[in-house]
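J.: Just passing along the structure, written as structure tokens.
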Amino acid sequence: SRTNTQTRPRNDIGNKVTVVLGAQWGDEGKGKVVDLLATESDLVCRCQGGNNAGHTVVVEGTEYDFHLLPSGIINPKSICVIGNGVVIHLPGLFEEAEKNEKKGLKGWEKRLVVSDRAHLVFDFHQVVDGIQETQRQATEGKIIGTTKKGIGPTYTSKASRIGLRVCDLLGDFKEFSTKFKNLVAQYQSMYSSLTVDTDTQLKKLKEYGERLRPMVRDGVYYMYEALHGPPKKILVEGANAALLDIDFGTYPFVTSSNCTVGGACTGLGIPPLNIGEVYGVSKAYTTRVGIGAFPTEQLNPTGELLQTRGHEVGVTTGRKRRCGWLDLVILKYAHMINGFTAIALTKLDILDVLDEIKVGVAYKINGKRIPHFPANMELLHKVEVEYETFPGWKSDTSAARKWNDLPQKAQNYIRFVENHIGVPIKWVGVGKSRECMIQMF
């Protein structure tokens, strides 16, 4: 006699999760889209990365900066989850919370849930991150351009099976101390210049652990309950972006986690069946921080104009971003991997003053179109971009609040992008605040 649960129909799959992902090299304005959706979400989750992410959200004139906290934390009605795939620097987490508390964030400790399986970023991981960049500069003459937040080294510890997790910190502290000392010793054997005051570090970690304890849950069970309990709106906030993905990005100039849709499943412990909408976020042009190939980059007055008009400076690093035309080859590639159900196109207003606007539609090598996005970086550096050129609309779009408020030429630009990628554009961003997102459907 098979019980009810075994014969339960497959369609009882529970709540669906909405995922918001960067479709370029990051800094697309994901925070804004997440913020828009978070106002009605019960749960907002981070699934990968660490405090190398930087999301700015403006609420009633106040600018909040989030790095590790899901940006839904400003909504007093939503619970925020830091999943097992995230790497957590505890000093960074508490410092960020305190900075935002000064700006008016309240009650965040009651609304934050942290997976006990998340790996910890230690201060020495951050030091090692810096040392590694210095070494890269010395040996290869080039750096990756990491944020030096210790993210890469922590994922390295994780993959080497020597990392320490939240559950270790909250377990037997003597046991944790021994493991921590061993981990430090291992790193010191690799980096002779590394000095760590283990006793001071452990004392601090113990304090952080106790502050964190009330927020810690078994993430797998927590997400399962959320998916299979009463109807809930669940949002997953991707950090970084498709072209920075460890597998699919412009390797080696990438981050150290999967920032494509698969990361939502592995980084929270949820089945693919529960993934619902997947929203890709892209600027109306392209930017990139750090080094690495960038086919549509404009090293000319146009690029400078985009940089200054778009205030293209990194939230996390303060670095000037490199700027160029919208590249539909990378957007199509990101769509192949992520299966976007809709796209948000942000910062359209930055293009308001241009006489003509170009869009990259194909890559050519030796005058011949190549049918895919090259994995090999030498090849990607060699590609020549084929552009489609549009006349500029030469008018201020920042006051537009609905589709019909946009000039015809701007509408044509948006429709072209939509048709070329084959994904509907659901939002068009024309400014910094919440109100500046035009919803199309």
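Yeah, the Cβs are placed from backbone N, Cα and C, and that goes for glycine too.
So TrEMBL lists the following for this protein:
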type	residues	note
BINDING	26-32, 54-56, ARG321, 347-349, 429-431	GTP binding site
BINDING	ASP27, GLY54	Mg(2+) binding site
BINDING	ASP27, GLU28, GLY29, LYS30, ASN52, ALA53, GLY54, HIS55, THR147, ARG161, ASN240, THR255, ARG319	IMP binding site
ACT_SITE	ASP27	active site, proton acceptor
ACT_SITE	HIS55	active site, proton donor
ACT_SITE	LYS158	active site
BINDING	VAL315, THR316, THR317, GLY318, ARG319, LYS320, ARG321	substrate binding site
J.: Give me the CA-CA distance between ASP27 (Mg(2+) binding site) and ARG321 (substrate binding site), in Å, as a whole number.
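T.: Rounded to the nearest whole number, the Cα-Cα distance is 9 Å.
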J.: Which of the binding-site residues listed here (GLY29, LYS32, LEU348) have a Cα atom within 10 Å of the Cα of ASN240 (IMP binding site)?
T.: none
J.: Measuring Cα to Cα, tell me the gap between GLY54 (Mg(2+) binding site) and GLY26 (GTP binding site) in whole angstrom.
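T.: Just about 9 Å between their Cα atoms.
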J.: What's the most sparsely packed of the binding-site residues GLY29, GLY318, counting other C-beta atoms within 10 A?
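T.: Ranked by other Cβ atoms within 10 Å, the binding-site residues GLY29, GLY318 bottom out at GLY318.
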J.: Determine, using Cα-Cα distances only, which of these recorded positions is closest to GLY29 (GTP binding site): ASN52, HIS55, GLY318, ARG319, LYS320.
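T.: Its closest listed neighbour, by Cα, is HIS55.
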J.: What span in Å does the IMP site cover, taken as the longest CA to CA distance among ASP27, GLU28, GLY29, LYS30, ASN52, ALA53, GLY54, HIS55, THR147, ARG161, ASN240, THR255, ARG319?
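T.: Roughly 34 Å, rounded to the nearest whole number.
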J.: Quick one: Cα separation, ARG319 (IMP binding site) versus GLY26 (GTP binding site), in Å?
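T.: So the Cα of GLY26 (GTP binding site) lies 13 Å away from that of ARG319 (IMP binding site).
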J.: Starting from the Cα of HIS55 (active site, proton donor), work out which of the binding-site residues (THR147, LYS320, ARG321, LEU348) are within 10 Å.
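T.: Within 10 Å of HIS55 (active site, proton donor): none of them.
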J.: Just the number: how many Å between the Cα atoms of LYS158 (active site) and ASN52 (IMP binding site)?
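T.: Between the Cα atoms of LYS158 (active site) and ASN52 (IMP binding site), the distance comes to 17 Å.
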J.: Please work out which residue of LYS32, HIS55 has the most C-beta neighbours within 10 angstroms of its C-beta, and give that one of the recorded positions.
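T.: Its Cβ has the most other Cβ atoms within 10 Å: LYS32.
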J.: To the nearest whole angstrom, what is the C-alpha distance linking THR147 (IMP binding site) and LYS320 (substrate binding site)?
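T.: That separation, Cα to Cα, works out to 13 Å.
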J.: Hey, what's the Cβ neighbour count for the residue listed as 'active site' at 10 Å?
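T.: That number is 19.
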J.: For LYS320 (substrate binding site), just count the other CB atoms lying within 10 A of its CB, please.
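T.: Neighbour count, Cβ to Cβ under the 10 Å cut-off: 13.
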